[in-house]
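**Student:** Sharing the feature lines straight out of TrEMBL:
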REGION    35-60  region 'Disordered'
COMPBIAS  43-58  compositional bias 'Acidic residues'
REGION    119-138  region 'Disordered'
COMPBIAS  129-138  compositional bias 'Acidic residues'
REPEAT    252-294  repeat 'WD'
REPEAT    295-337  repeat 'WD'
REPEAT    388-430  repeat 'WD'
Amino acid sequence: MISAISWVPKGVSKYVPEVAEPPSKEEIEEIVKGDLFDRSGESEDEEEMDVDTGEGDEVSQAHAAANALNKDQDGQSSVVVQSISDGLRELDMDHYDDEDEGIEIFGKGVDLYYPSNDMDPYLKKDKEENEDDDDEEIEDMTIKPTDAVILCARNEDEVNLLEVCIFEEAEDGDSNMYVHHDIILPAFPLCMDWLDCRPKSGEKGNFVAIGTMEPAIEVWDLNLIDEVQPLLVLGGVSMKKKDKGKKKKFKKGSHRDSVLGLAWNKEVRNVIASASADKTVKVWDVVQEKCAETLKHHTDKVQSVAWSRHAPELLLSGSFDKSVALMDMKSLKESGRWSVDSAVESMAWDPHNEHAFVISLENGMVQCFDKRTTSSNSTSASKTVFTLHAHEKAVSSVSFCPVAPNFLATGSIDKMIKLWDISNNQPACVASQNPKAGKVFQISFSQDNPFLLAIGGLKGKLQVWDTLSEQGIVNRFGMYNNRKLNPIPKSDP
């Protein structure tokens, strides 16, 4: 299944991403003794990895790691790890440097000497083949500035992955999509958001924040391939190994339950907001690598958060307590609250109206509110701009087209995607389809190709819908096809 998707702005990805350095001996020990055992649920009395700490003894470390990983939770041999261990034994690396006895090093009666390597036909052939292979490999790893990149968080066969996908549009209308590289995640991913702020330094880059079933937020560098650890972990469990009979110990400022929603502040670049099943909203500073504020203004799980693009100090949050709250993070005061009839699933600010936002609900409804109009009584019904019975089941995701005013998309666990014209606050369905994605969990319009809608759902196949293929969309919104986005004002970290 695909649980979350996010577009990466064009041109920010490295042309040829770097291959991450392999983890050091200390990092391997930390992973094996810490997270690996902690996640696998192994008991105190199970065998631990015996690592020789001698300098340069990488082979014994590899053997030790293979032995430590060679048992799954039931104590049975793992096929994959067993093959690695067998391979190490076949190589017999402990005696690699020993000279073979009885082997004649130099041949007799055969002229094996060439005045130069260029005259050796075997070396020359190998060199040419290697150069061709290198060129093909570089070409395969290239991410062009014109490529559309989509991040896809998925779970497949009990493996959690973040896939970096390339979507290529062809002039003839056909498209091609493939996985450029992937990252193995330690826990089931629930949400994510792209950001350009490097932890500690604040320099611009290409990163993604991911919330999972664990009470931590992981920040990964998307310009690195084969990375095994996140660049930064915000919050999470602090102890390295489970102790029987003891409660979990959390890092300072950490959530206490799963992270259900994330939102990066595009103007205050060092800030991320998170929503959690622990009923709190947290605001994080990724440069200082800490929790800056914790908000406890909801009484049930908080499902979604969203920063206002027009007023970056305003943070919207939606909860299972059937309310939506607006917080002013400068004053740390609540600016408004709206009560609704069902649990909040998702929300989005209208990019073309600084006062309006829409929320989607578990009961299939979509409602629009004006932040200037709020209910004085949180238990009473709040005044809506419009209320739309969009789907027969929960509306899991909503997304506004970045360039076309009044163009809204909704996705639902009823397996349908619908495109709406909400002009004059009178929503009309312009197009709909069943993308064969199963229950739809998230949809998202691209900022660079504003009429492309990415779709992720239960069946686990990432899809992109060119909404301009629908004549109704062309008739109503085609005039905005070549319109450019207004630049977002720059702010210091």
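From the backbone N, Cα and C atoms, a Cβ is placed for every residue, glycine too.
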**Student:** Express the predicted model's confidence over the repeat 'WD' (252-294) as a mean pLDDT, rounded to an integer.
**Tutor:** 97
**Student:** Would you mind listing the long-range same-chain contacts of the repeat 'WD' (388-430), meaning Cβ under 8 Å and 6+ residues beyond its ends?
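**Tutor:** Those are 345-353, 358-368, 437-447, 450-451, 453, 455, 457, 465, 467, 470, 472-473, 476-477, 480, 483-485, in sequence order.
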**Student:** Count the residues of the repeat 'WD' (388-430) that DSSP assigns to helix (H, G, I), to strand (E, B) and to coil, and report the three numbers in that order.
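**Tutor:** Its residues divide into 3 helix, 22 strand, 18 coil.
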